[in-house]
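Database features (TrEMBL):
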- B:12-32: transmembrane segment (TRANSMEM)
- B:108-132: transmembrane segment (TRANSMEM)
- B:109-305: domain 'ABC transmembrane type-1' (DOMAIN)
- B:144-165: transmembrane segment (TRANSMEM)
- B:177-204: transmembrane segment (TRANSMEM)
- B:225-250: transmembrane segment (TRANSMEM)
- B:287-305: transmembrane segment (TRANSMEM)
Amino acid sequence: MAAITLKNIVKSYDKTQVVKGIDLEIDDGEFVVLVGPSGCGKSTTLRMIAGLEQPTSGDIIIGDRVVNNIEPQNRNIAMVFQNYALYPHKSVKENIVFALRRLKVDNDEIERRLSEISEMLQLEELLERKPADLSGGQRQRVAMGRAIIREADVFLFDEPLSNLDSKLRSHMRTEIGKIHNKFGRTSVYVTHDQVEAMTLADKVVVLHDGYIAQSGTPMEIYLNPTNIFVAQFIGSPSMNIIEGTLFNDYLDIDGYHLPRNKLSNVAYQETISEAGLKVKVGIRPDFFNDKAFFSETGITFNFTGLTIDLIEPMGFDKEVLFNLAGSSVKARLDLRSDITLGAKIDLLVDLSRVLIFDHETEQRL
Amino acid sequence: MLGKRTLTGRIGFALAILLLVSFSLLPFAQILSTSLKHQYDWGNPSLIPQTINLDAYKELLGLTEAKKVEIPAAIQKILNNPKLPKDKKEAIAAKYTSNDNLFPFGKYMLNSIIFSVGAATFSLVFSVMGAYSISRLRFKGQVVIQRSVLFVYMVGGVLLMVPLYQMAMNIGLASSLWGSAFCLFLIYIVQTLPVGMYMLGNYFRGIPFALEEAAMMDGCSRKEAIIKVVLPLSLPMLATVFIYCFIIGWNEYLFASVFLKQYPEFHTLPLALQELFVSKNAIWDRIMAASMLTLAPIVICFLFASRFMKGGKTDGGVKG
């Protein structure tokens, strides 16, 4: 068991900086998900924790030792690779117990742990097979088993589910969650899938262009993103960003006046000149409701007479598109709404969920 | 038209294959056939001997009793000439009394095995190290080294033979048996190493690095990862490289003829064969039997190695 600390980690290849100074504290037993678009440095960061890459500068501390110069094999870390990386010449069983054999763990103990893990991951039937004879999902489970059996201090996951189809992915996601709950090891999980980040993490770290854009619990990140990048990256469908102008009394969006004193999630309290302050307004599609089924309360605002441009039925809910201040805005309405294309609709928005970002820096106001 | 087969097409294809196969196999059939024929049968163009004659093989493998050779009367007369110096007499007598018609095949074969297996083993070990470093490690000059290893083959053996021998003379290696053998060893290794490195390097590049990383995460050092993961997966190519090096050493004549000339007891099979061809013992069946016996180990080696040369070793390790 070990906590991990990254201190101002920088990684450059030749002249390109991939990771540009990351500070991160991961508590003992915490499940941290590094999430971000391709090329944001998340895999590189993970590989530096594993020891497969050397940081250009900065310190990595696992437990109470600085591990910068400790070889990966001596860091007591287990890792699940994106492409599984099973040993093709070994049977499933030998793949899983490879590390234990190396550590000269005695045979009874190996068998005990193997049977426990193969039962948990439903691998009993597959133990004698070679990786080539397994399906993608089975290989994934073998890779998990190989990592778990070590009982290492830290588990690292490098996009472990990205090669699975969506059904299997959500199943394995649940399994990983269960495994973490059972063993409670410090885990670092890299993904570009924000659903995995939201569902698995104790702490989500959103990386952008080599920096940490924001870190916090999934709900913090979802409800209170500190900048437009995080706001749009987390949540599906992503947050609508609409042009608006902030005045002393209200926020103007395309002629709609949202009372400023009800925007309880806007910290910005400065007085504004008469011309107003140009801002970007963020509203999640989930926070729109069809007025036909929800009643107005003190903290809702009614966008009246919106024209629907597109309807996308998703099953339980419907995503509708309409135009607001020149941007196409998406709202997620529940299945009772029987709107038709081109019809007018009134939508309610919870004002406490409306966010305002600086027009230039795109940081939260 | 793809996949459509007409009868004439099939027959033509079969004939073409037959032609090609017989073109490459007929010389071997000729060797085998002649080695089994009696002397009266040599002129017979048929590949099937009228009766099988194994004498040549028995003789080469030392299975026959050494024949007592009578000195012909005419020669005996010369030997009886009192004016002839004693050493001359002995030399002449030796030609008839010694058993030099026996071709010590076993000894030559052992020499060949020592040289070719030894050189191939060392070459393989160095190839693995060289190939791993040029395919996996990043260092200054890596690309240059990677591309220039094959330059060794720009200069042919005939051109190198004399300067190499001179160099061996200059540092005193060529004057002793062990020195000469060592030189020959080095030459075989240097001659086979580049191809070995090239073949293995390409093969290593095809093994996903993630497998080694996985081994390292499982507690292996880099060296262990190579030994436990990379090498077992490279078995087909390791076998191929070994056989390649072995065959080069086994068939090599040029350098052996220079470096081993003064050490007949260390002659390898190609050298011995060449000498057999030009000696008074050059009898067809014996030549062909010796050729056959020289060929055999290579064929056996190939058959044995083909078991390891099954492809698809790295399937299923990584996705995509």
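Backbone N, Cα and C define each Cβ position, glycine as well.
B:287-305 is the stretch from B:108-132, B:144-165, B:177-204, B:225-250, B:287-305 with the greatest number of Cβ pairs below 8 Å to the transmembrane segment (B:12-32). Nonlocal intrachain contacts for the transmembrane segment (B:144-165), taken as residues 6+ away from its ends with a CB within less than 8 angstroms of a stretch CB, comprise 130, 134, 174, 183, 187, 190-191, 193-195, 197-198, 201, 254-255, 258-259. Within its own chain, the transmembrane segment (B:287-305) is flanked in space by residues 28, 30-32, 34-35, 56-57, 59-61, 103, 105, 109, 112-113, 239-240, 242-243, 246-247, 250, 269-270, 272-273, 276-277, which lie at least six positions past its ends and keep a Cβ under 8 Å from the stretch. Packing against the transmembrane segment (B:225-250) from elsewhere in the chain are residues 112, 115-117, 119-121, 123-124, 127-128, 132, 188, 191-192, 195-196, 199-200, 203-204, 207, 211-212, 214-216, 269-270, 294, 297-298, 301-302, 305, 308-311, 313-314: each is 6 or more residues past its ends and has a CB under 8 Å from a CB in it.
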